[in-house]
Amino acid sequence: MCGVVGIYSPGLLPDREILRSMIDAMVHRGPDDSGLWLNEEECVAFGHRRLSILDVSSFGHQPMESLCGRYIISYNGEIYNHLELRSELSDYPFKSMSDTETILAAVSAWGLEPALRRFVGMFAFALWDRRERQLFLIRDRMGIKPIYYSKLGSGWLFGSELKSLKAHPHFRPALNREALNLYFRHNYIPAPFSVYMDTWKLEPGSMAIINSSGLKLRQWWDTDSVWRAGQRSQFSGSDDEAVNSLESVLLKAISARMLSDVPLGAFLSGGIDSSTVVALMQTISSKPVRTYSIGFREDKYNEATYAKAVATHLATDHTEFYVSPRDMLDVLPAMAQYWDEPFADSSQVPTYLLSRLASEHVTVSLSGDGGDELFSGYERYFWATRMWNNVQRLPASVRSFLGGANKVIPDALLDLLGANGFKIRWRLDAIAMKDFSSFYKYFTSVFKKNEIVLGVEEPESCLSNLPPTGNLWGWMELYDLLAYLPDDILTKVDRASMAASLEARVPLLDHRVVEFAASLPMSMKVRDGKGKWLLRQVLHRYVPQTIVERPKMGFGIPMQEWLQTQLKKWCCDMLDSSRIKQQGYLDASRVELMLNRFMRGEILWGQHLWSILMFQSWLEEWE
């Protein structure tokens, strides 16, 4: 795993020292090596930080030039089938075992998009075409690896993280208040937006083509189209055939991701997804797989005991670490540094601590991320459909009346009712929704409307107008695959693991697994009142149901309890009203009201306050 960075500035000479500063801003992404390539005539410069995984020799040094001299690449990721591709590129005189060289050979032989469609892996890279004088920025299908780009005068900057762009002395953009509004709704900023004006995330499965005429965006893979195509041509085999097919495609995906020239392990929570990954890893491996888990002393948040039970059954080499409020306080100041735009999934902290734990022993770790989105694992899918069906049973006249009443009831009046007022507002808002997409967006939002960002409206995003898919469950899966997965889950895993100089691999998001999951009828995902039915059947071949069948917990922290006790001083200091008022971004009086009522135990606004806390932490670190 690595970090990429670069400058394209037609008519201007790139500065070597500036590029070096941008590279050094991402040393955590690649502590093993760094490199730069600069061409003054072509007005382009590439930088790279390297975490050596495949071919740890100097032959894997980047940026790398193709044998023909046409292409320069700075690449972050892994191409798991690169050895298979080499067998089809026998005329290319390879000098290394690096997958970077395989990419260059494939692009030289087949062209860029045909090569991309044959890659199995995770990646974000910059490719300079010296013949056509064009820069390509490319992101993998599911958005596992990140890349940002920004307009700077007549040129462009790009990098794996925003901090690399901020290292450029002329990168001084204004904060994007519209994107900030999206952040407080979702706890993350969905692509293509970033926290800064004129700066964007490249969306999953897309490429940016940049030359002296400007920038064009193109999709080379479209999850939306793949998902809908799968639903139109559904798997028609028996249950046993489906289990066998899923097991087969998972074994291929996991086996490919166990290719490494450095020590390798896995995250294990004891849940269905990570347990399946570890069980299949252990089947493939000739020695005990190294597994890692995080626990809490608070029982309702603690998954470590379940992870240990799975590890014991599979005979893995297991390590666990219990997190305390003190551990939280120790790492909280660093969170804004690692997530260099506002991000408020509270599991970011245990994910970082887990990555740090694993990095003491291994350089690569597999995770079970993606299972909930692919196989309908979220409890909210059950809640949302049940609530929407109840709303639909109400006569249209009743819904219209209640929706109208909701608009005239002052927030101040409902605030006086505490938690009951919050519930009343929530239910009236839900009843007023005209379609399921609006309802689900509202249902999954943190701040349901623009309550605290001053003077701004919410912009349109990929989440705004996603067409129906034919069934509510399939639509929710797709909605989460397009935004929540890449912009929350995968962002969290990338930043947390890279902060610890650890490469995290996600076999469930192999595009062949995604395509198979897209083709499954909902009856093979949801059965007997539970999601992930088919994935469970694969796991039950390796681990008894008595060990893995339990209520879903998630990977959060005891947020409410800790913010009201051990983290109270930190919370109150960060949300000081005078500080927020001086900054001028948020409604200080609203924040003060929320904080006071939360600390008095009147309403459980912990997640809302965590969102504000993470923004305040980011603001202190970066602005």
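Including glycine, each Cβ sits where the backbone N, Cα and C put it.
Keep in mind it's a predicted model, so treat the numbers as computed, not measured.
Pulled from TrEMBL, these are the features on record:
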type	residues	note
ACT_SITE	Cys2	active site, for GATase activity
BINDING	Asp99	L-glutamine binding site
BINDING	Ile294, Ser367, Gly368	ATP binding site
DOMAIN	2-213	domain 'Glutamine amidotransferase type-2'
SITE	Asp369	site 'Important for beta-aspartyl-AMP intermediate formation'
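Features per TrEMBL, on structure.
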residue	record	DSSP class
Cys2	active site, for GATase activity	strand
Asp99	L-glutamine binding site	helix
Ile294	ATP binding site	strand
Ser367	ATP binding site	coil
**Q.** Nearest of the recorded positions (Cys2, Asp99, Ile294) to Asp369 (site 'Important for beta-aspartyl-AMP intermediate formation'), judged by Cα-Cα distance
**A.** Ile294
**Q.** Alpha-carbon distance [the residue listed as 'L-glutamine binding site'; Gly368 (ATP binding site)] in Å
**A.** 24
**Q.** Other CB atoms within 10 A, centred on Ile294 (ATP binding site)
**A.** 28
Q. Nearest to Cys2 (active site, for GATase activity) by Cα, among Asp99, Ile294, Ser367 (binding-site residues)?
A. Asp99
Q: Rounded to the nearest Å, what's the C-alpha distance separating Ser367 (ATP binding site) and Asp99 (L-glutamine binding site)? Just drop the number here, would you?
A: 22
Q. Could you give the maximum C-alpha to C-alpha distance in Å for the residues Ile294, Ser367, Gly368 that bind ATP per the record?
A. 15
(Q) If I take the alpha carbons of Asp99 (L-glutamine binding site) and Ile294 (ATP binding site), what is the distance between them in whole Å? (A) 33
